[in-house]
């Protein structure tokens, strides 16, 4: 999709190289030697013609450095060995090793339509099609709707923050990289491991649901068998090149989008009287009511409030993955163009897919429907399917349940993809074993895939009589880890904006400027922090060790890793503004000329508008 533009093209550089090559450096006066070296030393970052070693290796690999310039630089370096002139690296073996390591990158093979559709529907899965049953039964249609709207505002600002940073510095697993650069190494490493833990656990959740969705049709095959089969299939899928992942997610996400849009039209018809039930309208908001029974407390108002608070946790789990575009930025072609487009569609995704879907579900399914709170299994079927069954539309429930199955498989596939890229990023920055930075010829971090998939085997926990309890444990652990990532995104963006101001850089000059900032970042950081600490309130009513452990285990692990990093790195709690790095990786992207990928026909224009 692009090519490296020639960084060293100045005639002044070539002329200086040739002059020095013609004259022996020993014959030059000492002051002239110092002057010449200051002008041409590649390690001197103050000269406009200098390049760092990473760029040099890249240029050397692509053959875009002029042969004479390379020879002259080597000649000068060798002739001045006695003067002990030190560059970034002078050891030939280390240079060759670095050049070899530079080849081991993930590939920028995701196009605009891939990024857009992944951001639009890539991680829509269990949280939406299955997980909304719990908040609906606890908080009722109105309570759950308010919870999802409130959480949606937080997610919007989080993605805006991430979009501004990821467009300016598009790197793989930018969520963890930004925490390390703009906050401190301890924040970055702890956030990285927790974010990986989040997606690995979410993979277990998704795989555990697949078999139970299939049980809608038959229960003759053991649940454990379905879990094993799809665990193997999804894990193997992640060994294909990222382009295959992009194509798969593009078409599956397209099915999700079309299915949800079709459901919304269908639901509107049923609400208006298009079934044997007659016009439904707000019938179920009047009886059994707009607010659910609540939880824990016998006091109606208090119980409903607690039910609403618990719905926030389910909403957070449902929205997880909206920030996925920040992970794909490092594998996106022309990220300065593709990432902003995807970010700007987040609000459309929140309103259409989540808010509108929950609104119609609340109209068509009463909160006291027994199928919403089945205790023998996590789900008997999706609330979407229940609403279709209530309308008496034959065959359509089976079709939509098949859509749910495809959706959950897609979401599970994205879980492994994200987790493997997080481990890859940690390895590339020296914060994980270097083996996790190894990739196949197609750019797949295979050890990251294996490690992430291994934790997905926790899905077998649901194969017992306490399946519902195990399922909720996995959701709580995953959700809290995801909330911590959102918090770090907001905090990193706050420091990023402060660093820009410190350098005198206007945000108006950025490739993408987040809306309503910095207020949106402070808003998201504050409420995410509150939710992190109150989300486990049920463990205290009364106090239960097992529930406390599952509610706060992610927070405990985060604290342990953070403190360990502080001790190991002996770093400041947070970087000084003048020490914040906003240049690394950015210059490399700016040196690339991307091909124009504008839509050329009606079909491409349609997908550009949708994705």
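Any Cβ shown, glycine's included, is placed from N, Cα and C.
Annotated phosphoserine per Swiss-Prot: 64 (among others), in sequence order.
The phosphoserine annotation in Swiss-Prot covers 75 (among others) and rests on a large-scale study or a structure entry.
Here Swiss-Prot flags 77 (among others) as phosphothreonine.
As annotated by Swiss-Prot, phosphoserine applies to 79 (among others).
Annotated phosphoserine per Swiss-Prot: 87 (among others), in sequence order.
The phosphothreonine feature in Swiss-Prot is assigned to 90 (among others).
Taken from Swiss-Prot, the feature topological domain 'Cytoplasmic' covers 1-115 (among others).
The topological domain 'Extracellular' annotation in Swiss-Prot covers 137-141 (among others) and is backed by sequence analysis. Through the fold, the topological domain 'Extracellular' (137-141) approaches residues 147, 284-285, 289-295, 304, 307-308, 310-311, 358-359, 361-363, 367-369, 372-373 of its own chain, all at least 6 residues removed from its boundaries and within a Cβ separation under 8 Å.
Sequence-distant contacts of the topological domain 'Cytoplasmic' (163-185), counting only residues of its own chain at least 6 positions beyond either end whose CB sits under 8 Å from a CB of the stretch, comprise 106, 191-192, 195, 323, 325-327, 329-332, 335-336, 339-340, 342-343, 421-422, 424-426, 428-429, 431, 485, 488-489, 491-493, 495-496, 499, 507, 510-514, 517, 565, 569, 571-575, 580-582, 584-586, 589. Under the heading topological domain 'Cytoplasmic', Swiss-Prot lists 163-185 (among others).
Within the model, the topological domain 'Extracellular' (206-223) carries an average pLDDT of 84. Swiss-Prot lists 206-223 (among others) with the feature topological domain 'Extracellular', giving sequence analysis as the kind of evidence.
Under the heading topological domain 'Cytoplasmic', Swiss-Prot lists 244-256 (among others), citing sequence analysis as support. Here the topological domain 'Cytoplasmic' (244-256) is broken down by DSSP into helix, strand and coil counts: 13 helix, 0 strand, 0 coil.
Annotation comment: Swiss-Prot describes 275-303 (among others) as topological domain 'Extracellular'. Sequence-distant neighbours of the topological domain 'Extracellular' (275-303) (same chain, 6+ residues past either end, Cβ-Cβ under 8 Å): 136-144, 310, 362-368, 390-393, 538, 541.
Here Swiss-Prot flags 322-344 (among others) as topological domain 'Cytoplasmic', drawing on sequence analysis.
What Swiss-Prot lists as topological domain 'Extracellular' is 366-398 (among others).
As annotated by Swiss-Prot, topological domain 'Cytoplasmic' applies to 419-445 (among others).
According to Swiss-Prot, the topological domain 'Extracellular' annotation covers 465-473 (among others), on the basis of sequence analysis.
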(message) Please tell me whether the transmembrane segment (142-162) and the transmembrane segment (474-494) touch - that is, whether there are at least 3 C-beta pairs under 8 Å between them, with each pair 6 or more apart in sequence.
(response) yes
(request) Check the transmembrane segment (186-205) against each of 257-274, 304-321, 345-365, 399-418, 446-464 and return whichever range has the most CB pairs under 8 Å. (result) 446-464
(request) Quickly jot the same-chain residues contacting the topological domain 'Extracellular' (533-547) by Cβ under 8 Å, restricted to those at least six beyond its ends, or write none. (result) 295-297, 306, 309-310, 312-313, 476, 479-480, 483
(request) Answer with yes or no whether the transmembrane segment (474-494) touches the transmembrane segment (304-321) by the criterion of at least three Cβ pairs under 8 A, sequence separation 6 or more. (result) yes
(request) Over the span of the topological domain 'Extracellular' (533-547), count residues by DSSP class, listing helix, strand and coil in order. (result) 8 helix, 2 strand, 5 coil
(request) Determine which recorded stretch among 224-243, 474-494, 548-566 has the most C-beta pairs below 8 angstroms with the transmembrane segment (399-418). (result) 224-243
